[in-house]
Amino acid sequence: MAINRPRRRGRPQTVLPLHSSSTRSGVSCWYCDFKIHTFNEALFSLGRRYSRFIKMWFTVGAAFSLVTLTGVSLMLLWDSTDALTLPLRTSGVNGLLQRWLFGTTFLFPRSVSILDASSMIISTMLSVGVHEFGHGIAAASEGLRIEYIAVFLAICFPGALVAFDYDWLQSLPQSSALRIYCAGIWHNITFSAACFLTLISLPVILHPFYLYGQGPLVLAVPKVSPLYGYLSPYDVIVSVDGSNIKSPHEWINIMANYDSQILPEPSVTKGIQTFEALSHIKGYCVPDNWIKASSTSCGDELADFVYWPCNNSRPVFDNIRDEMNKSESKHCLIARDVVKCKKCWSRSDSNFNGSIGRVCDCLEDETCMTPVQIPGMSWVEVTYSSPYSSQCSEYRSNASTYSENFGFDSTFCGGTFVFIGDALSLAHSIHLSAYQPRWIFTAYMAHMPDVLEKFLACCFRISASLALVNSLPVFFLDGESILEIVLCYFTFLKRRPRLRFLRFCLVGGTILSIISFSRLLYFMIVARE
């Protein structure tokens, strides 16, 4: 992602191949490249034909690129000072790359599928192509011919470049040279912006073919997932503990909320913590004959339940801990049967002194029972539907038994199960999509929105990262050439002091960038573990 400047004052100033060398592809022990000449005439003709508009376009790009260069340089300084004071915290360029561009698992995902790898490779090639096309078309609009476009591998670092005749480039006005140098960064910025706008507009674009926000569609359930055997590909998650789930984002958030509410100790403490823990009780109206037939020793399919009085008074909450600790008050019941019973749940929507909203209308021959919360584990009730299964399609085709609520209560079209364990591991163990095919269902139709989302997100991150990295005041990147041209506008600086200041900025920027990216890699590895 650089511009090759073949000749400068009689000696090479770049590790990239020089114009005086062969224009054919070359290979050495530390460097290899592949030179492309095919697009030279086409780019030059296009650039000259629309020269006026292209110059206006890259004039705006030069302004944006200068702002980016200034902002990135300031963040780099901020990051270096922050590394000295708070070495274990990420901020500045480091934090921006980790949280906004890469995310916590973009560089080092725990598992890489063929789709993920393909998206990263194709989006990288596309982003680099957009970058180099910017340099090439900007040079053509200024009347500067392209020598070649090269894709290279230096040691273990891939890259690309556009080669020009440096003597001809030096004869151009400084504003023209600045537009050429800033063109790659500007194209990456606009390309990442286009990918971002397309990504957030995807629900509207796909609306004729897909339902969006009507429940997360299960795309894959790995064998290592705790939900393997309970959910199948192309099931739709309807609700969690009676709360409707509309998207994978809501699924992750509600599981994170349950994870934050787990009991840290074997018994519930007194006071406010007791009230908060019991204000989210899950209760079920269990028939009395089930309770009489229950045992006190629980097996694999059984779970501990205790009596939960239908009373909103404060003394009940103060004394419920003693009731839960009594072994004779516990009953082992079959969880998958209990969750089918009517709910008598407790939900708090007020302060400590307020009342608790309850749904507690059990019949006379029923008792409100609540599962005993195991320390470090969550009790999660998941309701799902299977609208695309063959059994459900056959069930719906029978007009006499068809019901609009088939997805919630039908034996063939869904069900409910209980998960007891780590809610966060549950949330991240399956692959979900917010899109459901509206008409014809195929595996290709189900996965296509997810593929588009991943590809657009990957293009956005990689293209924005290329713009950010090339804006750094570092040797051999676009930031070096841009900074050199900018310093020429400061006429009060003589040539020798200007070159010294340029070298000082580049050496300092290179060192700080190496430190910053080393910290980034470290934090990425720590986050992965």
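Positions of Cβ are set from backbone N, Cα and C atoms, glycine also.
Just so you know, TrEMBL annotations never went through curation; they're auto-generated.
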| task | Would you mind telling me which of 30-50, 114-134, 219-239, 429-449 TrEMBL tags as transmembrane segment? | result | 114-134
| query | Do we see three or more Cβ pairs under 8 Å linking the transmembrane segment (56-78) and the transmembrane segment (146-164), pairs being at least 6 apart in sequence? | reply | no
| task | Report, as numbers and ranges, which residues of the same chain sit near the transmembrane segment (184-206): CB under 8 Å and 6 or more residues beyond its ends. | result | 1, 58, 60-62, 64-65, 68, 127, 130-135, 212-213, 434-435, 449, 452-453, 456-457, 459-461, 463-464, 466-467, 470-471, 478
